[in-house]
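Here the structure is laid out as structure tokens; the discussion comes afterwards.
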Protein chains: 4
Amino acid sequence: MSEKVVLAYSGGLDTSVTIKWFIDKGFEVVALCLDVGEGKDLDHIKQKAFDMGASECYVLDTKEEFANEYVSYAIYGNSMYEGKYPLVSALSRPLISKKLVEVAHDANADYVAHGCTGKGNDQVRFEVAIKSLDPTIKVLAPVREWTWSREEEIEYAKEHNVPIPVDLDSPYSIDQNLWGRSNECGVLENPWNQPPEDAYDLTVHPTAAKDEAEELLLTFEAGLPTKINGVSYQLDDLILKLNDIAGAHGIGRIDHVENRLVGIKSREIYETPGAAVILTAKHDLETITLTKDIAHFRPIIEQKYTEQIYNGLWFSPLSDSLRKTLKDMAQDVNGDVRLELYKGNVIVTGRQSENSLYNEKLATYTSEDAFDQGASVGFIEIFGLPTKVKAMLDNGVKIND
Amino acid sequence: MSEKVVLAYSGGLDTSVTIKWFIDKGFEVVALCLDVGEGKDLDHIKQKAFDMGASECYVLDTKEEFANEYVSYAIYGNSMYEGKYPLVSALSRPLISKKLVEVAHDANADYVAHGCTGKGNDQVRFEVAIKSLDPTIKVLAPVREWTWSREEEIEYAKEHNVPIPVDLDSPYSIDQNLWGRSNECGVLENPWNQPPEDAYDLTVHPTAAKDEAEELLLTFEAGLPTKINGVSYQLDDLILKLNDIAGAHGIGRIDHVENRLVGIKSREIYETPGAAVILTAKHDLETITLTKDIAHFRPIIEQKYTEQIYNGLWFSPLSDSLRKTLKDMAQDVNGDVRLELYKGNVIVTGRQSENSLYNEKLATYTSEDAFDQGASVGFIEIFGLPTKVKAMLDNGVKIND
Amino acid sequence: MSEKVVLAYSGGLDTSVTIKWFIDKGFEVVALCLDVGEGKDLDHIKQKAFDMGASECYVLDTKEEFANEYVSYAIYGNSMYEGKYPLVSALSRPLISKKLVEVAHDANADYVAHGCTGKGNDQVRFEVAIKSLDPTIKVLAPVREWTWSREEEIEYAKEHNVPIPVDLDSPYSIDQNLWGRSNECGVLENPWNQPPEDAYDLTVHPTAAKDEAEELLLTFEAGLPTKINGVSYQLDDLILKLNDIAGAHGIGRIDHVENRLVGIKSREIYETPGAAVILTAKHDLETITLTKDIAHFRPIIEQKYTEQIYNGLWFSPLSDSLRKTLKDMAQDVNGDVRLELYKGNVIVTGRQSENSLYNEKLATYTSEDAFDQGASVGFIEIFGLPTKVKAMLDNGVKIND
Amino acid sequence: MSEKVVLAYSGGLDTSVTIKWFIDKGFEVVALCLDVGEGKDLDHIKQKAFDMGASECYVLDTKEEFANEYVSYAIYGNSMYEGKYPLVSALSRPLISKKLVEVAHDANADYVAHGCTGKGNDQVRFEVAIKSLDPTIKVLAPVREWTWSREEEIEYAKEHNVPIPVDLDSPYSIDQNLWGRSNECGVLENPWNQPPEDAYDLTVHPTAAKDEAEELLLTFEAGLPTKINGVSYQLDDLILKLNDIAGAHGIGRIDHVENRLVGIKSREIYETPGAAVILTAKHDLETITLTKDIAHFRPIIEQKYTEQIYNGLWFSPLSDSLRKTLKDMAQDVNGDVRLELYKGNVIVTGRQSENSLYNEKLATYTSEDAFDQGASVGFIEIFGLPTKVKAMLDNGVKIND
């Protein structure tokens, strides 16, 4: 009787070869393919899994769950790894892991498998997440194990009737979901090289973008975007729509040399047009809706949470706690942000909120001024006292001198 | 015998009136005017001080000192208050304070004075800095004290033959130095209003910027920019030159509602074209020259340092220590950044360094790969162990089960 | 018609004089006295308030509310200001403020008042808390306002028939609640002076403590202590009981020069015997029940929360969020801690928990060892990779050399 | 021709067996033994190395270097891993690694070796440090490699004439240097077990300590202790002397379940009598010599530095920078601390400093008071403004209402 393995299956060359390879090794293969908004042809992929010999192929549309349960916390948390990368792939890995474990339990499989190599972050994210959900399940990583060169893999594919993709000579390694698209490898491996235009798919270069600026009104409720120009969308649809709108304006390109969890620096090209608009607008709306003490302290929580997720620790007590904290801190982020999109720029031109802590009567220099300027004298006296005492010591001045 | 006061004098209406007011009160006034790169007519200002009745007027070109001793640390520290404001005015206040105290000592004056109101940050910055340098000196703040309305001030000016500026009806309150220009008040006080074009001076709107993208090579040595397109500049000149270049490309506009030290939110418009280019390039160069542990830990030092300076604590033991730390951490930031400036965008198209920690042989997915993928298995086993032990506890799984 | 003021009334000289002073000024005075566990004679205090002329005196036993809603979060958060002071007075101030506002609303009073001087933290805590609860209420601070010397106050008291306490010549200024007792002033103002024994009340000196060590079993549920030696107590009773037990063993004395919010350093003597036992035990139990990532990150949240409370910001969005976070992070802190109390020492001699993440099979060096030592090779390879790459760069070594 | 290996040699069973094992494998063995203050018989150890067949044995007295270059930074940084462990072994590992590499270069050896197992922190510390100093050197870890049980090791030892220690049946695994002693294994592996007295060596139990309290005056200069009772000592001698004095008072016992770098929790018993006295006194002296802003910010640097060193990252750019920072921040820590040592207690009874920022005239409540209490009104108005604005929003109160 054969062992059963549930494989995270994308329909690409690696995971197609993996099905064959598992069958060669005597496994029964259950393929699992999730739609997280990358826009692929699910029927085609399903058929291909069966063609490869999978005994079963689960195809799940998880766009809504992905947006609501995973991407939402990246919005609450303004998640930007190293200030640059909005956690695109790092967000889908825990969801895929969760589904792998659920299907394995359903299908009575002792094994799950992923198609990651041994030098990326994703292998860690999958394996740590899976063990967090079921510490007894066995995880296989055939691509890491077989250590074939590209040529050897293709040879194996040809011998086993695995269809070779037409873009086989593409040098890039790509991952995509509704929150964005990542690209690495090939000419990008030299960080002095300018990324060629064919490295991008969701965005145009700012010089090739529309000539007309576009005004956009984005509405937030409790920290999440809910409306574009007054029209409500559910979160996954809203993000996909913004990807279209902002991509055409050349917005959301990121070129970043990042520090991977596995100890190396890696040059990555990301496209996150919708995320760029949302996070810019949210950050701005927070300037009027958050108190200063939250605005100044939260970044340290944001950074820790982002690193946890980047490092594959989605399912962990610390990540759980920080998620609740970040969501809680976002509850007052309500209101509208007016934006201008133009050739790579997301320009905030106004922000308003019923929760606004901005008080024009306190801020104004007109005769409406309600601020008690006399209070500043006492404030400065006490605020500056420690510095003054230090200076007195350093200058040999005694108090009451 | 009259008391002597050294006044931080800008040549504007407020400080011109202040000279008259002090003389009315029986003070002898020594005017002190610093050139920190705002490009004003120093001869004219000097003459005006004497016209107002100042007994002496010091005019100091401190652009080089300002760049080398003050702005440099904002570059080392990537200083951005609340992630947005590169500390323009907050950097010049300690320098002006230092010169005020030095001139007061030279001139045997018991008093120094500034022209700030009672609701901004600058009053705090001046008074805390001055007391840090000489805790016995007396600080006067006539503008805060007289609490006149605008109309009353102008009436006083007319009565005392203080020249009324031609742009008197300008609603804005502006401060400028070589690191940038800040603007507030008037129509800007409503954060929903789009800033009108007349609020800007150093930059054009991206839609009005040059149609041709411009490539720029910026060279850094030990964390500071030293060359533009291979040509060496001293720091103050380099920044001023970049202000010109980048301003014409619509780069460096910032629209921010910020949390002041004195407890209110205030909407500010900044223009920092040179700073935008320098900080973008430096941050990028750091991705290949800094170790991950510095890159991930330093932001908390950067934030604290930035808040110290914003809050007027330039002269304090903590700020001193953090300056040394930030400078030390920047010593490996050497190399070139290739940039494309285009309609509001500063796009990094390549970075290279003799200090680069990016290692293509470790990063590559080609046959050159020197990364030991087998090591990942052990790494994941140990990295994921705490999460797995937690999951075993939660799932009632015993080890060795 | 007289104005009405609700006064936080302790029964001591300052607030007794304050009643008279308010009446002199034409106010109607409603006295409010809370029992937060300092063990005072409430009937006597109530009678005294009426003797002074108060029109009403509310006396509220708030020990349980204080323990459950205020002290509990200091336990969740291991709150120790500057690593030393467990926030004794800082915890009662928000509760008193809340009751002041409630009583003012009930009694239709426009004013509330406290008896703090102008150089301590408590004036800030009261006023900020009160304004957070009702920004329109007016706060009076007569003791800060009248600026009498001690002698002038006593003269006023004698003239107005305010009873002079028998310990009038006590040099100390004391505040106490069930979480501890603070003492300052007099001989303590010189930080080189050893505190005399009469500065202490809840504890004996270790040299005067019991000669027999005492074993104690403390049980925690969801982060809070619930049982002593297997017997359940509600939190206020448990703390008071531990104060008695541990005080007799010379436990809980703290001698600290602390940085006040108002810019000065102040030498304080605290006695917190129960807190010392609870926080020592809880911290220890956390070593086996918290994951490493929580244990290493939470201190920064603890420090921020502690500073918020010390600084009087109990009622603020940041404090609210952090309270939820700290409580959430404590939910797994269940189990028993076995302690030995002896002459100033709280020695943990064992800890156990159903939530324990300590795994003897992983930790052991016996043949039971379940840890895969081979995994360490890969772990070290990857963990040490960045350092090695940096060393290669510094030593001019090329990869694959 | 045989390969040459330099072995970190302690004279114990593991490293003695290792010499034999290396010779069996055809290596020439150079033994290296450092005295870091653990008080061992170096002549005896040297002879034993030759008896085992080592071709050379370097014996280095590095106590002074260890104290001045390694322990000193743990004092500057108040280093306490997880708030409990003062980094005893973690401090000696980088020094031993440095000497291993130096001797390997001198002796033209391609290999260095340590005697650590595969589940501790020390293997990581050695290997990462060694690679940081010479990324090309090869590191061998025979004890991790041979994976013998204790019985197998002893059998091998007997067969190869390695002397078996008399305390062979000791269940403990011990490491010691002048900064303290660590102990683990055996009965200690169950965290509910009270550590037996034979687990300790440098300290007595508080109940067995001297009956007389002992007063001690400790003097600090620029952050380091320099005198005991007015007598100067170099740092290594001072620490060793304090170990004797404080150990006899039952001071410095630590019982801690700690989170190792390699993912497990481990119960450790430490004895650090000298460190307990020094760090307690230094922390206290800092309360009067450090400004509040340093005192409140430095803990986050201390924690990061401590984790770096615990994790074996002594030789890294971040550790280098933080060392400079911590030393710089300690330069004002000068003065005397008067202590009382008594049955496990280190009680500070007074502190004084020429750098003291404590100002009795500001702190006092006597008529000497120089604090401007009126300033508090303005301070509170502005400090409390954000909270008040938030409350106005929440309560629907308009400003000027």
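Just so you know, the numbers here start at 1 and follow the chain as drawn.
Quick reminder: no glycine exception, Cβ is built from N, Cα and C everywhere.
In TrEMBL, annotation is done automatically, which means it is predicted and not curated.
Annotated ATP binding site per TrEMBL: B:ALA8, B:TYR9, B:SER10, B:GLY11, B:GLY12, B:LEU13, B:ASP14, B:THR15, B:SER16, B:GLY115, in sequence order. What TrEMBL records for B:TYR85, B:ASN121, B:ARG125, B:SER173, B:SER182, B:GLU258, B:TYR270 is L-citrulline binding site. Among the features that TrEMBL reports, L-aspartate binding site is placed at B:THR117, B:ASN121, B:ASP122. TrEMBL lists B:4-163 with the feature domain 'Arginosuccinate synthase-like N-terminal'. Summarising the annotation, TrEMBL assigns domain 'Arginosuccinate synthase C-terminal' to B:172-389.
All features noted in TrEMBL, drawn onto the structure.
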residue	record	Cβ within 10 Å
B:ALA8	ATP binding site	24
B:GLY12	ATP binding site	16
B:ASP14	ATP binding site	17
B:THR117	L-aspartate binding site	18
B:ASN121	L-citrulline binding site	20
B:ARG125	L-citrulline binding site	28
B:SER173	L-citrulline binding site	17
B:SER182	L-citrulline binding site	21
B:GLU258	L-citrulline binding site	21
B:TYR270	L-citrulline binding site	28
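Among the binding-site residues B:GLY12, B:TYR85, B:THR117, B:ASN121, B:SER182, B:GLU258, the ones whose Cβ sits under 8 Å from a Cβ of chain A are, in sequence order, B:THR117, B:GLU258. Per-residue pLDDT, averaged along the domain 'Arginosuccinate synthase-like N-terminal' (B:4-163), amounts to 95 for this model.
Neighbours of the ATP site: apart from B:ALA8, B:TYR9, B:SER10, B:GLY11, B:GLY12, B:LEU13, B:ASP14, B:THR15, B:SER16, B:GLY115, residues of the same chain with C-beta atoms within 8 angstroms of the site's C-beta centroid are B:VAL17, B:THR18. Long-range C-beta contacts of B:TYR85 (L-citrulline binding site), restricted to its own chain and to partners at least six residues apart, with a cutoff below 8 Å, comprise B:ILE254, B:HIS256, B:GLU258, B:GLU268, B:TYR270, B:TYR310. B:SER173 (L-citrulline binding site) falls within a strand when secondary structure is assigned with DSSP. Annotation: B:SER16 carries the greatest number of neighbouring Cβ atoms among the binding-site residues B:SER10, B:SER16 [cut-off 10 Å, Cβ to Cβ]. Every protein chain considered, the tally of other Cβ atoms within 10 Å of the Cβ of B:ASP122 (L-aspartate binding site) stands at 20.
Highlighted in sequence order, B:CYS116, B:LYS119, B:GLY120, B:GLN123, B:VAL124, B:ARG125, B:VAL262 have their Cβ within 8 Å of the centre of the Cβ atoms of B:THR117, B:ASN121, B:ASP122, the residues recorded for L-aspartate, and are not part of that set. According to DSSP, B:ARG125 (L-citrulline binding site) sits within a helical segment. In this structure the alpha carbons, written CA, of B:SER10 (ATP binding site) and B:SER173 (L-citrulline binding site) are 13 Å apart. The CA atom of B:SER173 (L-citrulline binding site) is located 11 Å away from the CA atom of B:GLY12 (ATP binding site). Closest in space to B:ARG125 (L-citrulline binding site), of the binding-site residues given as B:ASP14, B:SER16, B:THR117, is B:THR117, taking the CA atom of each residue. For the recorded site, B:SER10 (ATP binding site), the DSSP three-state label reads coil. Calculated from their C-alpha atoms, the gap between B:ASP122 (L-aspartate binding site) and B:ASP14 (ATP binding site) amounts to 14 Å. Each residue contributes its Cα atom, and for B:SER182 (L-citrulline binding site) and B:GLY12 (ATP binding site) these two points are 16 Å apart. Residues B:ALA8, B:TYR9, B:SER10, B:GLY11, B:GLY12, B:LEU13, B:ASP14, B:THR15, B:SER16, B:GLY115 are listed as the ATP binders, and the farthest two of them sit 13 Å apart at their Cα atoms.
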